[in-house]
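Got a structure for you, written out below as structure tokens; questions coming shortly.
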Amino acid sequence: MTTNYIFVTGGVVSSLGKGIAAASLAAILEARGLKVTMMKLDPYINVDPGTMSPTQHGEVFVTEDGAETDLDLGHYERFIRTKMTKRNNFTAGRVYADVLRKERRGDYLGATIQVIPHITNAIKERVISGAAGHDIALVEVGGTVGDIESLPFMEAIRQLAVELGREHTMFMHLTLVPYLVAAGELKTKPTQHSVKELLSIGIQPDILVCRSDRVIPANERKKIALFCNVQEKAVISMKDVDSIYKIPQLIRAQGTDDLVCQRFGITAPAADLSEWEQVIYEEANPTGEVTIGMVGKYIELPDAYKSVNEALKHAGLKNRLSVTIKYIDSQDVESKGTEILEGLDAILVPGGFGDRGIEGKILAAQYARENAVPYLGICLGMQVALIDYARNVANMEGAHSSEFSKDTKFPVVGLITEWIDGDGNVEERTEKSDLGGTMRLGSQLCHLAKGSKARELYGNATVEERHRHRYEVNNNLLPQLEKAGLKISGLSADKKLVEIIEIPNHPWFVAAQFHPEFTSTPRDGHPLFEGFVKAAGENARGEFEK
């Protein structure tokens, strides 16, 4: 099979939505029956985003095989059916680390190691390997054209276009066409300069996707085509929309996928976008609304919880409910009290690290438990629910996690020192292990208890979900917690680790050690989130007994 490549770059400013644009095109191509994959090349020196601050970089998206990756891979999985792996995202840091490791082993036989050819060759090898077995691979290069960090990646994709042949490669460049109110017109000059910058490193774009707050008229598109040396039909107007799930239809209407198929000589049926039409219909026609409080510590950057945000919206679609997320700083719960949680239809505590705001999260779980408010805890959100239950129901005064209190009498949550990974191998960790790449990561099997809400929601006895944590429930204290009424409704493959807890005498209180948000999609949703949002709707309608 010959793989064709679409290299996606961005110019003018960052955060234009290269990932969304690329994923939307990928969704259309997939809807035409083609086997599509996507890749993200990140120019930063970190080996992966696993230890980067969520308030700087956004969330870390975890793949099935346990790779800690850029949040754009979450967009990819939400738009196309292909599952991402560790091969679909790599950084400059990863490439340099691999090249230096080979140099230390003597693999280069004494050669002087340089950016060209050694680094660029390593990039090309990873791109080819990650794209193997697919009809089309869309490869997104992070950053903005002109950034010094991205130059090795730009050079690598330029070389790939030469080596693979232009009949098997395309360049799609995303730019900004701003509207100046004072002048009363759109300005194309930034796009022209961005393409000029791209040309200076040997890359001629084949498709220009132009972001704007309005439709770019034909005369402006013609002007862009003339000065940027592209076909007029290859200048795609991508105006701002109220839902990212409308973008596949937006670019399909302009024949973008036809340009791709013509270039690669592919004959494929017309795109069937009926699933996306259904998503758009459900989003535009809710029958009610709910407000869900998300109590976290990274709320100044909503992208820190990107997959959770999207999963709540997906669940809203399935329940025909408009979901409003109210972001609440857990430190505010500590300082202002739980009064700020009043009026919410449901409460969600997402994952996180560190002790800042931890007591606020525990208070949020306690408030939901005591006031019959639907509660969904994810990762740390399960652990704080457990701590609250231990302290205030099981009479374990001062109970805490050993992550935050080394001398607590009741360490209901502790460091996992040994577990079985998804491949059946034994993993071991200690307090002295590195922070990066040492957590329990990736998809793991979970056994669901009979009669549990979790089993009812999933409709199966087992399920696989993705993990990212190094602390777990302390099994030594489980008997005391269960005696006090806590229900363990999910266990790991070897049945040694607690994966899900529930409170049976509560209308809807479920908390999971794993991250269900990573497998939610707009077309399919996710059972836990669907059940949670449904419960929020029932609470909003006054159907819960307080």
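Note that Cβ sites are derived from N, Cα and C of the backbone, with glycine treated the same way.
Since we're looking at a predicted model, the values are computed, not measured.
What Swiss-Prot records for this protein is below:
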- Cys379: active site, nucleophile (ACT_SITE)
- His515: active site (ACT_SITE)
- Glu517: active site (ACT_SITE)
- Ser14, Lys187, Thr188, Lys189, Pro190, Thr191, Gln192, Lys223: UTP binding site (BINDING)
- Ser14, Asp147, Ile148, Glu149, Lys187, Thr188, Lys189, Pro190, Thr191, Gln192, Lys223: CTP binding site (BINDING)
- Ser15, Leu16, Gly17, Lys18, Gly19, Ile20, Asp72, Lys239, Asp240, Val241: ATP binding site (BINDING)
- Asp72, Glu140: Mg(2+) binding site (BINDING)
- Gly352, Leu380, Gly381, Met382, Gln383, Glu403, Arg470: L-glutamine binding site (BINDING)
- 291-542: domain 'Glutamine amidotransferase type-1' (DOMAIN)
- 1-266: region 'Amidoligase domain' (REGION)
Considering all pairs of residues in Ser14, Lys187, Thr188, Lys189, Pro190, Thr191, Gln192, Lys223, annotated in the record as contacting UTP, what is the maximal C-alpha distance expressed in whole angstrom?
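With Ser14, Lys187, Thr188, Lys189, Pro190, Thr191, Gln192, Lys223 as the binding residues for UTP, the largest Cα distance is 24 Å.
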Find the shortest Cα-Cα separation between Ser14 (UTP binding site) and the binding-site residues Gln383, Glu403, Arg470, and name the residue that gives it.
Arg470
Rounded to a whole angstrom, what is the C-alpha distance between Gly19 (ATP binding site) and His515 (active site)?
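Rounded to the nearest whole number, the Cα-Cα distance is 22 Å.
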Which whole-number mean pLDDT does the model give the domain 'Glutamine amidotransferase type-1' (291-542)?
90
List nothing but the one residue from Asp72, Glu140, Asp240, Glu403, Glu517 whose Cβ has the fewest other Cβ atoms within 10 Å; the candidates are the recorded positions.
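Among the recorded positions Asp72, Glu140, Asp240, Glu403, Glu517, the sparsest Cβ neighbourhood within 10 Å belongs to Asp240.
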Can you tell which of Gly17, Gly19, Pro190, Gly352, Gly381 has the least company, meaning the fewest other C-beta atoms within 10 angstroms of its C-beta, among these binding-site residues?
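Ranked by other Cβ atoms within 10 Å, the binding-site residues Gly17, Gly19, Pro190, Gly352, Gly381 bottom out at Pro190.
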Among the binding-site residues listed here, Thr191, Gln192, Gln383, whose Cβ has the fewest other Cβ atoms inside 10 Å?
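Relative to the other binding-site residues in Thr191, Gln192, Gln383, Gln192 has the fewest Cβ atoms within 10 Å.
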Greatest CA-CA distance (Å) over the residues Ser15, Leu16, Gly17, Lys18, Gly19, Ile20, Asp72, Lys239, Asp240, Val241 that the record ties to ATP?
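Max span of the ATP binding residues, Cα based, is 20 Å.
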